[in-house]
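> Just dropping this structure here.
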């Protein structure tokens, strides 16, 4: 298991890491990170750990604000000297809330809760795979590997791997990574979405269905919206709403 420690008090961080090594000697521990800035940078550069232990009050702000914005897909155990943030903490993906100084037995109980959740997740994942195997012959047809377009009397076949996005204007267009646009005979992006792999294409909004391969990155604004940056010379303005931002982050990472 990989665990990330976010704590701005060095003595407290050392104590917490010692407890973790004692209770779970086989775990890989990263940190400690001492600020929101460090945590934000780390989470943007590395894969999510299996578990995060985070102090709520850091030197440059409250970690709850970071997690509310980023919505981590892994469990979080919060530590704090105060209990005023308990309600907010449990609205996030929190499995426990420990008051400082952290007691070994309380931490052990929190880690046991985490292990039980992990076991339940593994059992559910196994069941899903089993059901998928059983119902494999009842599935819908495989995703399309090519899309056929027409220009005048000429008909062309465009491989999915060359498609940067589909967009809805007055008609439904297919845009290649090189920038060429083709009119399709589809009536909606919903039809195309059903024919493409959800692992490769993301429905950014009502107007765009975007291919992961051509997404260079994204920028966030003060409202929580995301603005995509594509690997194209002519990059259209593609915005993801605040409500869909967390889902996109999990899909993209």
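Note that Cβ sites are derived from N, Cα and C of the backbone, with glycine treated the same way.
Residues or ranges marked as domain 'Response regulatory' by TrEMBL: 2-115. Feature annotation from TrEMBL assigns 4-aspartylphosphate to 55.
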> What are the DSSP helix, strand and coil residue counts for the domain 'Response regulatory' (2-115)?
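Taking each residue of the domain 'Response regulatory' (2-115) in turn, the totals are 50 helix, 31 strand, 33 coil.
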> Taking the Cβ of residue 55 (4-aspartylphosphate) as centre, how many other Cβ atoms lie within 10 Å?
25
